[in-house]
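Colleague: This structure is in structure tokens; I'll ask about it shortly.
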């Protein structure tokens with residue numbers, strides 16, 4: 001449930017308002033407010049200001065900004081009276097009604113509130129019961145900031161007043177703090193990180209530029225990726241196109257081959273990585289400690305890797321034994337604790353059964369598929385061949401049966417058909433080949449596509465009571481890269497932007513939605529964003 005109209009904004013009825021010592025939440029530009037009494041008001045404390053605002057150093061803005069001075073001179077020459085400055089605290093019923101009915105030709109309006117939306121309180125009971133969504137009862141205050149012709153009607157600052165200064169009558173913030181708050185940092189250059197940076201850039205170019213044009217010079221987006229290119233699991237031409245759109249069109253700053261070493265409340269520290277092996281990188285880390293970059297940030301989104309939930313961490317540390325030797329387990333682990341400590345998820349066999357926990361299955365991000373080692377079946381395969389010569393051709397004939405038990409024979413993991421057949425193999429050569437297949441195996445990536453397939457596989461297994469080993473099937477990868485362009489890597493086909501790329505991206509994900517209800521809501525939201533802009537209202541914790 002959304003909070004009701006704040007009582008502290010409804011209490012200042014007859015106050016003479018001057019300077020507000022504000023704790024800034026988001027986007028607050030330096031401004032000065034001076035006051036005179038407006039008489040009783042049931043909604044907000046408002047004040048009529050002197051003709052010209054003050055700059056942060058106490059001088060008139062016209063003295064510091066030539067554009068403001070020219071505008072003032074033109075207004076004086078034309079005989080146009082200067083508008084009085086009115087400051088309104090709050091975004092409740094009375095405040096919004098007051099602002100919407102005020103003559104913009106007579107008054108310059110500034111609204112200050114920690115809530116950047118108006119709440120339609122009569123329908124809140126319907127929201128509590130789930131009849132309506134919260135979005136049906138809120139209207140971002142920025143929706144009232146301009147008229148149909150694009151003329152600005154009010155300035156909105158997301159902050160709350162903590163005091164009234166009757167003497168100095170001004171409020172300001174530093175440019176450095178404003179630039180820090182408006183610096184968005186995304187960590188991770190995979191699909192999630194790239195799409196998030198692209199969505200942020202679109203929001204800034206399409207909505208924030210319209211609502212806050214004066215803040216555009218201070219906004220910045222930085223994407224940090226440890227590898228040498230974005231979207232490393234995609235084709236190189238897709239990575240190059242994504243980098244081109246983000247850098248050149250959307251003006252996103254890219255820090256490739258950089259590792260984040262610390263994230264503070266207001267800063268992010270990263271270090272440049274060198275090429276080569278991990279050992280070479282570790283040897284150069286000592287030399288690079290003095291080259292760490294400290295980035296001022298107001299928002300950090302971590303899109304690099306999948307974290308453990310507390311239950312998985314507890315099971316790995318306390319309940320489950322180390323998994324048996326498998327095709328992708330480390331042979332260098334010398335103790336059970338080190339073997340378990342290196343796992344990011346619950347180890348499962350090729351049938352998604354958790355090792356060491358009878359009757360327990362795991363699928364999705366919490367599962368790490370570690371199938372049985374194929375090399376352990378060398379004797380069985382050699383015996384099964386009988387009098388036949390064991391060769392690559394013979395192994396390829398056995399693939400349909402072997403793939404039912406060993407997911408490492410999936411062509412996505414190891415394509416046996418690409419190996420050169422050099423005639424019969426000795427038993428030792430067969431074992432070496434199987435060990436090479438085991439070493440090439442990598443567990444399924446923690447993606448929605450693989451998790452969906454694992455869930456369907458597990459349901460069929462429960463229904464039938466049996467079935468082959470789980471092996472994921474790659475059906476393609478898509479990513480939104482911003483500026484209404486998407487990329488796609490499909491079996492045998494690559495899409496790098498273009499007019500139809502975004503409709504393709506949307507069509508695929510709408511089709512993947514679970515119900516028609518969600519499909520319709522998703523399409524409606526896209527249409528609303530297209531014609532009315534993005535929703536910029538959000539709930540605040542100040543009045544909780």
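Any Cβ shown, glycine's included, is placed from N, Cα and C.
TrEMBL entries are annotated by machine, without manual review.
Owing to the predicted nature of the structure, the values given are computational and were not obtained by experimental measurement.
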Colleague: Pick from 292-317, 318-343, 344-369: which range has region 'Disordered' per TrEMBL?
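Modeller: Matching range for region 'Disordered': 318-343.
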Colleague: For the domain 'External alternative NADH-ubiquinone oxidoreductase-like C-terminal' (474-535), provide the mean pLDDT of the predicted model.
Modeller: 91
Colleague: What is the number of residues in the domain 'FAD/NAD(P)-binding' (182-308) that are helix, strand and coil, as DSSP sees it?
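Modeller: Once the DSSP states are binned, the domain 'FAD/NAD(P)-binding' (182-308) shows 55 helix, 35 strand, 37 coil.
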